[in-house]
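Participant: Encoded as structure tokens, here's the structure I'll be asking about.
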């Protein structure tokens, strides 16, 4: 009885999720329980078809001490005509061909990652690109990137790659100190690094990145500063700064524990991060993502598909794709991968989803990925997809951190809003981002807070509980 | 006995002869009563399978009369082996079925006037063999079958079995044929059958009141003492309980099979401590069976029959109760005067509520309806009580139409230890509520009130009879109801008096104002009288410990050349946390300890607050003695510093008395946490990592913006 009379009343009181007005806090307090059922639980509309492809080329001369990627160490005696290379690329092309095209959209970005893709002969790279072109099409202005390691290519090889269409290079420098490169098991020295930089620049690649690793064992503040200075001097358009992760099962994992000598302490490591932010910032690089810096206009478009939670293909050993709402990881062992390709051809497996995604998962992914960027979370879009109560809860949980400067609220003109003005209806919070560097440094902690908010929206109220709350309110 | 049974399995016929003639004639009269015969041993022998067929046929007949007619006299009545073995098998087998047969013929309790009834209890220090001895007596009388049913038959709860303790009273009725000395047995008149009620009581001090009520239904006790360990603290406490109740005490020196057994030394202790005649002590081993045959005769001959009057109006003592899902509350009762019949209208004196005796009977050993309970008898009553809260231990039950003077000694439960119980996961309040409701159905002695803590959310303030009771309650909550709880530091009920003359009883330190408007003019705390018995070499460290705990020595004496007996007055608060463990550890486990409640005494007490970033954590507030406040405050702050993780801001931990900060620690802000890159393939991995981190946060308790791990609350229990 009560249910049948109250429910319609309630719904009549509830504004539609896409209410154009910013709801008042009072409204949020009175209606959240049922609201999220209407907004978060239903699946979001099917995502657009992918226009990005990640290609995994797993070959390395040897495994670096920190690496837990699915790679194939060829050994130093390997030659470009190593049958393992051609055999793998053959399977890779078969996988591309056997993949159901989600919808016909030409690719805007292609990213060759590894391993060390630059070990693969240009002819094989060419066959991969041709297969992609035949299958999906590649736009004229597509960004085609490749991770390249010093010592694995010369000017000739570089030029051949450029001819194939490669227009962005991500150079795995990691450090400018001989002893650090040796200590982390890299297959090159500083000489090769400098040579590689020269080659890339001389071959007319405008868009290129230097990748560095911070917090290596025995790395001193001076060494880190030197690496950053030399990077700036090399004038790449993009710099990636990775914080060393000690992964289980790696050599470093056996030798070191985070925060303990010879690894830098937590405080020191935080200082390294801040130093990078300062030095690169001073050199006019935008810190546009937690670990990425670029000159204006040189963001990595491919990586942005990840951070915008857009779909992408993934091909090759251990790679992950995000098609039709499904994150699918391919086998990490070569034989398993080859079997997978076989099964894919025979229609026994499917690597894409049915287009349905659970709202909560999407909300978490969106928050996690967008808060890694300097652009931050677009609250307006987020509210349209997931409802305003969740946005208000996010603001509420972040309020102390807005106050302490870890989180920044921005208006539609991307002007920051002071914490006292948060409740001011005149200035709507349109974006929310983590501050650089303090907020970025604690991103895991802060994002986990947001997860708590999203999670509690979902696992709270059964319908009955929501109703009970309602009744109480009506009684009062 | 075990040995016999083994040989019997191999040579059934030979075994019968062995049992028949190997016993000393001095005990023959008692020993060869039918009850013993049918329980002595039943060999589990497949070769005897054909006999069970016979038993099925014979079961229809009246077992009791059968056994009586079969007046076996081992000396005069030689029966052929074959016939005997068959009959014996019938008698011996299926003691449960035998009792079923007996039930079918419904035990006629009117055959047992008070002079044929003995009500007794077994009291002992923990692990001195009380439960095993009870098992043996139940087996000896055929009440349970040897080797069947679980050991510690009367300890039904998992927690009782695991800890080897009894927390709920149980009763068991046994039948035993015995000719009393002086009774001439030669005229062919058979020995009378006695009805023996074993009332199993908790042994621990927390349940002193329950024990005293159980003892009130007895006329005597078996005081069991371990032959090697001798008199221990609980032995002393239990002895005095029995002694003050004017009960006959039958000393039993048990475990004499141990290599270190020294019964003479124990006899000397019994003499010097309790003035018990050494020649009265029975020497037994419940393990090997040695000496057990003397026990029941001693019970019958030494313990007087219950003194009640059959012709008086009904007065029944309520011993304990438990909740049965199907039958509701089942009360254990002892009929002091008068007669209770099924269908009688009865009332409880303490609650004034009336009921109908829907079902009554004896525990033999399970519920066995008899339709009647007569003066002096002990059994159960099902009366439609909805909750055990209505069944107050020690209450008097009487015929509604015939009001009586209640039996003396009834006291409402007195709660001495309080602690807050909160769901470990805040969202589990309903689950905990449900678990507590169901558990208190079976343990009405816990007081439960809802309370709210800013740190821990909704929870309960629970009052317990004592420490063990609290522990047992926690354990049962977790074991029987799967509840995960955070418990606040146990506290005792303090009394604070303010300058305006008002008084406040504080069961939860958080409820005492930190900066009261009225000045505190006096405070009182409950004290106990503790009995400690230790080998003399540990005297030094024990005295140091007790002094640290603000103990005041009352008595110091030697039990014998090696052992010291000490009495101390101690604030209850000082033994609530960790005292017994400490005592055990400094005496390598040799100390025995017991205590009884004593009066309130004035003390210089202060409230110690713990503040996180300036916010008091209500669940961490404690009341401590002024002289200890600084040390405790420092320890608490230090402990917390070690268990609270670094967070995104600096955290200050302060211990304060009123507005005075007495200790401070700081946890510096987290600088950075993992900054993995996050590309396509990393999204899932990263998500999982962050979700794990989120789950971790969810389990934390929060005060202001500070997350407190559950571990912090557990750690606090370790600081006294």
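Even glycines carry a Cβ here, placed using N, Cα and C.
Quick caveat, the model's predicted, so the values are computed rather than measured.
Copying in the features that TrEMBL gives for the protein in this structure:
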- B:124-131, B:200-204, B:254-257: GTP binding site (BINDING)
- B:115-307: domain 'Tr-type G' (DOMAIN)
Participant: Applying a 10 Å Cβ distance cut-off over all chains shown, what neighbour count does residue B:127 (GTP binding site) have?
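Facilitator: So the Cβ neighbour count for residue B:127 (GTP binding site) comes to 17.
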Participant: Give the number of CB atoms, excluding that of residue B:204 (GTP binding site) itself, located within 10 Å of its CB.
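Facilitator: Excluding its own Cβ, the number within 10 Å is 24.
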Participant: Helix, strand or coil for residue B:130 (GTP binding site)? Use DSSP.
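Facilitator: For residue B:130 (GTP binding site) - judged by DSSP and reduced to three states - the answer is helix.
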Participant: With every protein chain in view, what's the tally of Cβ atoms within 10 Å of the Cβ of residue B:124 (GTP binding site), excluding that atom itself?
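Facilitator: Cβ-Cβ neighbours of residue B:124 (GTP binding site) within 10 Å number 23.
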Participant: Considering every residue in the domain 'Tr-type G' (B:115-307), what is the mean pLDDT value?
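Facilitator: When the pLDDT values over the domain 'Tr-type G' (B:115-307) are averaged, the result is 85.
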Participant: Identify, among the binding-site residues B:130, B:201, B:256, the residue whose Cβ has the fewest other Cβ atoms within 10 Å in this structure.
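Facilitator: Taking B:130, B:201, B:256 as the binding-site residues, the minimal 10 Å Cβ count falls on B:256.
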